[in-house]
Structure formats: C-alpha cells, structure tokens
C-alpha cells in the first residue's frame with residue numbers, strides 16, 4: 001500500500017504556483033516575436049478544388065484572390081481524374097503567401113464514376129506521407145520544407161435545384177476524414193432565390209443523413225464566435241465568380257452582365273461570395289491550417305504508426321518506450337524474415353529437384369531418340385552399301401562385256417578387211433576350177449551367197465549390238481570353218 005502511494009505521488013505532477021513579478025521582465029513581447037518570425041518565414045495555404053469541368057473553379061479562384069492565375073483549359077474528354085497542382089507566390093503588404101491551387105481535372109466527366117474519388121484520396125494521402133517522411137528523418141528541416149498538405153477542399157456543387165448527386169455524396173464521404181470540406185453552390189445566378197434557399201436546406205439535410213462531416217467554422221474563440229456561428233447557418237455558400245468589371249452607378253464593380261440585369265459578385269444580396277472570402281481567408285485561414293495539422297494529419301500519422309506496430313501502451317496501460325517498440329518490431333520482422341527465407345529456400349530446393357527430374361527425363365528421351373536415329377542411320381547405310389556393291393558388280397560385268405564386244409568387233413573388222421583379197425583369190429580359183437570342172441558353178445554361187453550374208457551389222461544400242469555382234473561372230477566362225 002505504501003509502495004503504491006509512493007509510486008502515485010512520484011508520478012503526479014506538482015501543482016504550478018502563481019507568483020507575482022517585482023518588475024518588468026520582457027516576456028510579454030513573445031506574441032510580437034512570434035508574429036515577426038511568422039512574417040519572416042511566410043505562410044503556405046493549399047486549396048483543393050473539386051467539381052465538374054466548366055463549373056467555374058478557375059474563375060472563382062481568380063475572383064477570390066483578385067488576380068489572374070494562368071491555368072490550362074480543361075477538356076471534357078479526360079480518361080480519368082487527374083490532379084493538377086499549381087503554386088504561386090503572393091504578397092500583400094509585408095506578408096508573403098505561398099498559395100497552391102490543386103484542380104481535380106476531369107472530375108465527373110467519365111461514364112463510370114465509381115472510382116472518381118480515388119485519385120483525389122490518393123493525392124491527399126501522398127501529401128500526408130511526404131510530410132510524415134520528413135518528420136521521421138534524422139536530420140529534418142521542417143522550417144524550409146514546403147508543406148503541400150491540403151488545408152481546405154472547396155467542393156463545387158452543380159446548381160440543379162433538386163438534390164445532391166450520388167457522386168457528390170460518395171466523394172465527400174470519402175474526403176471528410178482527410179480534409180476540411182466547404183461545400184459551394186457554383187453559378188448560383190442560374191436559379192431563383194426561392195429555389196436556392198430550398199436547395200441549401202436539401203443539401204444540408206442530405207449531408208447530415210449520410211453522415212458527411214463538413215468543416216464548421218470554430219465558435220470557441222470569443223473574437224470570432226459570433227460571426228462564425230452566423231456563417232455556419234449560411235452553408236453551403238452560393239457563389240458567383242467573375243473577373244469582368246461592369247459600371248454600376250458611378251463605380252466599376254466585378255459582376256456578370258446579363259440581358260435582364262447585372263449580378264454583382266461582391267453584393268451580399270446577390271450571392272454569398274463575400275461570406276466565403278471572409279470565412280476562408282480573412283477569419284479562418286489559420287484555423288484551417290491548424291485543423292489540417294492537428295486533426296487530419298494526426299489521424300493519418302496515428303494510423304500509419306499503428307500499421308508499423310507502434311503504440312502508446314500495452315493492455316495494462318503501461319507506456320511503451322520507442323526503443324522497446326523498435327526492438328519488439330525488429331525481432332518480429334527478423335523472425336518473419338527468417339521464416340520467409342526458409343520458405344523461399346525450401347521452394348528453391350523443390351524447384352531445383354523438379355528441374356533436375358525434368359532434365360533427366362529430357363536427357364533419357366534424347367538418348368532414346370538418338371539411339372533410334374542411329375539404328376535408322378545404320379540400316380540406311382547398310383542398304384546403301386548393298387546398292388553400291390550391286391552397282392559395282394553390274395558395272396564390272398558391263399565393262400567385261402564391253403571389252404569382249406570391242407575385242408570381237410575388232411576381230412570382225414579385221415576379218416572383214418581380208419574378204420576382198422579372198423574374193424579375188426576365190427574368184428580366180430573358181431575360174432580355174434570352172435575351167436576344169438564345170439559342175440561346180442552352182443555350188444560356187446551358193447558359197448558367194450553365204451559370204452554375202454555375213455556382212456557386219458549397224459546397231460544403235462549397245463545391248464542389241466552385243467547380241468548382233470555375237471550372232472555375227474557365230475556366223476563368221478561358222479563361215480571360216482565352212483571355208
């Protein structure tokens with residue numbers, strides 16, 4: 001019990017004591033110092049404009065800051081929503097403002113609008129992530145860092161006079177936890193005052209019924225509580241934008257000229273432009289910056305740190321130190337890393353085994369195919385060798401026959417060349433015999449006929465020539481034997 005009390009008293013903070021000063025110290029100049037430092041450093045303010053193409057976003061920005069921003073003409077044929085940021089350096093008196101206007105180009109122009117809000121949400125989260133990464137650096141320089149976090153979203157509502165579109169409700173519901181939303185009815189001069197009043201009531205009722213949280217001007221500061229409470233009742237603001245100057249009476253005012261009359265931008269009886277400018281720039285700009293940092297960014301930061309495993313205390317409400325959390329997460333990540341490495345190693349081993357089996361199977365198939373081709377090749381080679389031997393045998397036989405035929409032809413020609421001499425000799429002998437033996441004339445004529453029947457033949461091809469020459473040889477042999 002005593003230990004518990006001691007621990008309780010040791011952890012309790014002492015009550016501050018109020019003391020009076022004996023003279024002037026000087027810390028009453030702290031506000032002046034802060035103002036001087038802020039003026040030297042300058043301010044940044046980032047506005048996100050969401051609305052359909054051609055609804056008047058660029059015109060309203062030019063009217064709000066009383067200048068002309070150079071912007072590209074938007075197209076109605078964008079394939080998807082595209083965020084286009086443009087940064088400008090403005091100066092009023094001795095105050096510098098780095099103004100960034102982010103336009104949601106192509107919003108609402110697609111046939112399928114289910115994911116039209118996604119690029120906007122991703123852009124806002126990306127700016128939060130950039131700031132978080134800068135904060136987590138060991139050597140951070142937030143003083144020189146250009147803060148691109150969105151401070152306010154001006155949501156432009158089409159003046160239909162009936163109700164909000166489903167796209168508007170879904171988009172604002174997705175954005176209300178990430179950015180300060182101020183709904184605006186654009187081109188309010190296109191509907192009558194009675195319709196505009198009913199339209200405002202209808203919009204606020206739909207926002208409340210669907211749980212959409214828009215930015216409420218703060219009423220906790222006594223200096224602005226009254227005016228902010230009045231302006232909260234005028235939401236959403238019905239505005240008209242114009243950069244043209246029209247002469248009304250004896251002065252030039254920004255207005256829109258119509259055949260039926262003139263709509264003055266800064267006339268509160270015509271539209272809520274002045275109310276919007278007062279609430280957005282002159283009264284609540286710093287509160288919008290503070291709400292972005294302390295509410296929306298802190299929510300994003302907390303979610304990110306919880307995803308990383310950081311928390312303020314355990315289940316017993318014991319505070320965790322950053323070192324303990326880091327060590328715990330480090331051990332957890334190392335064990336997870338080892339488990340993943342083991343799984344990957346096992347997967348690699350299994351994959352290697354499967355690959356080896358596949359390679360062995362492929363190798364076996366290739367060997368079988370090679371052996372088959374080898375056998376086919378050997379069989380073809382054997383057949384070719386047999387054909388070659390048969391051809392050589394036929395060639396040799398042909399050469400032998402050719403040589404024999406040539407020899408026989410030469411003999412036949414030689415024998416034929418001896419025939420005239422024999423004829424003369426035989427003629428002479430027959431004449432002698434005829435003179436002595438007259439009965440031999442018939443047989444002599446037969447012999448001459450036999451000789452005449454064995455003349456050489458002319459053959460056109462070699463095989464018939466061989467046959468004919470063979471017959472000739474036989475006839476010649478018979479004739480020689482006969483003679």
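Just so you know, glycine gets a Cβ as well, placed from its N, Cα and C.
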From 43-50, 51-58, 59-66, 67-74, the residue range that Swiss-Prot assigns the feature region 'G1 motif': 51-58
Correct range for region 'G4 motif' (source Swiss-Prot, candidates 186-189, 190-193, 194-197): 186-189
Candidate ranges 378-410, 411-443 [criterion: Swiss-Prot lists as region 'Disordered']: 411-443
Stretch carrying region 'G3 motif' according to Swiss-Prot (options 103-106, 107-110, 111-114, 115-118): 103-106
Of the residues 10, 38, 93, the one that Swiss-Prot lists under phosphoserine: 10
Binding-site residues compared (57, 187, 193) - the one with the fewest other Cβ atoms within 10 Å: 193
Other CB atoms within 10 A, centred on residue 190 (GTP binding site): 14
Cβ-Cβ distance under 8 Å to residue 54 (GTP binding site), same chain, at least six residues away: 74, 76
Predicted model, mean pLDDT over the coiled coil (320-413): 90
DSSP-assigned states of the region 'G3 motif' (103-106) in counts, ordered helix, strand, coil: 0 helix, 3 strand, 1 coil
